[in-house]
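Reviewing the structure listed below.
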């Protein structure tokens, strides 16, 4: 297909046979990835230990869910600011804002555990810290597409975007495993929060001391050298672009389902007979296999440029996995099928993630990469808020027949109508010897079957829309080919 005059005009001044790539691009990508890993760890660290977190802060499981949900709430308004910052001031500015606010938020979370903080104010403090880290997330999560376009040649863009985009899920993977490994009782929570400060501090130092510029001295490609739309102008063009709007709804829906499943993972598996360790294992496997799938898909697309077929195939297989997971979580003690379908969802869902971001750039070019990437991920965050709230609303009290099977609370604890910690006299030893115990109420143990069925149904609808309605040309690739041929 011939290039339109608009794209040729934008690129005519950037024709140069001396495009260059710099080895420093890998350091910048590594730095961004390190900060995103830390932020992902902070985001989901409470999801695999919901019961212990609720006991420590004297709140309900729904309150603990808000420690994850706040990331999605904050990301929607901040996401628009992020897109503007990335396109106006560059990647370095966005990375500095993200890494520093992430570190400060994670430190504030730990401060909530200090004895000087009143017990009735601890949850407010940890929520403020979580909100500050949530402010950082868009600056780190939305940057890989822009970084790949500005620093990497066309045959490395997809894999660079994959490595950068998958850093946040890698942090979630680490968080699932580390949280459940460190926290075996509520009093372990301060240790976990202290440990999470370390990677945030390292990433902040890497960014502050090691990243000195937003763009290379010489661009790596014709599209990187060409002019781009301003943020607001590009956003208007995206809204009028039918293929992009289809991608906005469908990609955002898939991303939202992942956010919901990550938030509810412990609450999904504990009623059917599995504890926090299994929740962490399932979440970890889902993301670990997803990282493998994303790297493979990135390499395939860099070689074939088959953005649309790869996206559609991966999305379809991910939806089938969601349906299987929803069906098997209805039955007790069927953890292996649940884990297998969770792995399938991660494998194919994460494979689609960075490819869909690149596809968004291709169908909206010459709109700036930060604009299209920000809008796609804001859609995922916004829909994630809705799905999580729907999940909390539709969750049903656990059937009394299933109560002996559940692993949401320790079987050997006293069960009463509160989540507050108490100290009971140990009658076995002496009246002065005490044993710390935490009281849990079964009213907070919920059956997540109905929300999972709703997620599965929504996944089917958006999958059909993507497969049947999405069509686009690869505008950026065509622009580069036309420039290189003239």
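Glycine residues also receive a Cβ, built from the backbone N, Cα and C atoms like all the rest.
No curator has checked TrEMBL annotations; they are predicted automatically.
If you look up TrEMBL, you'll see 26-49, 69-86, 93-111, 123-142, 163-183, 189-211, 238-258, 278-301, 313-331, 337-357, 378-395, 452-470 marked as transmembrane segment. According to TrEMBL, the domain 'Major facilitator superfamily (MFS) profile' annotation covers 28-474.
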Result, the transmembrane segment (69-86) in contact with the transmembrane segment (378-395) (3+ CB pairs under 8 Å): yes
Positions whose Cβ lies under 8 angstroms from the transmembrane segment (93-111), at least six residues beyond its ends: 31-32, 35, 38-39, 42, 82, 85-86, 117, 125-126, 128-140, 142-143, 190, 193-194, 196-197, 200-201, 203-204, 206-208, 211, 214
Considering the transmembrane segment (26-49), which listed stretch of 69-86, 238-258, 278-301, 452-470 counts the most C-beta pairs under 8 Å: 278-301
Positions whose Cβ lies under 8 angstroms from the transmembrane segment (238-258), at least six residues beyond its ends: 315, 318-319, 322, 345, 349, 352-353, 356, 359-360, 363-364, 367, 371-372, 375-384, 386-387, 455, 458-459, 462-463, 465-466, 469-472
Distant-in-sequence neighbours of the transmembrane segment (189-211), which means Cβ under 8 A and at least six residues beyond its ends: 27-28, 30-32, 34-35, 37-39, 41-42, 45, 49, 52-53, 56, 92, 95-96, 99-100, 102-103, 106-107, 109-110, 112-113, 126, 178-179, 182-183
Proximity of the transmembrane segment (163-183) to the transmembrane segment (313-331), 3+ C-beta pairs under 8 angstroms: no
Feature contact check the transmembrane segment (452-470) with the transmembrane segment (278-301), CB under 8 Å, 3 or more pairs: no
Cβ contacts under 8 Å made by the transmembrane segment (452-470) with residues that lie 6+ beyond its boundaries: 243, 246-247, 249-250, 253-254, 257, 260-261, 268, 308, 311-312, 315-316, 318-319, 322-323, 325-326, 329, 387, 390-391, 394
Same-chain residues at least 6 beyond the ends of the transmembrane segment (69-86) whose Cβ lies under 8 Å from its Cβ atoms: 43, 93-94, 97, 127, 130-131, 133-135, 137-139, 141-143, 146, 231-232, 235, 259, 263, 368, 370-371, 373-375, 377-378, 381-382, 384-385, 388-389
Confidence summary (mean pLDDT) of the domain 'Major facilitator superfamily (MFS) profile' (28-474): 83
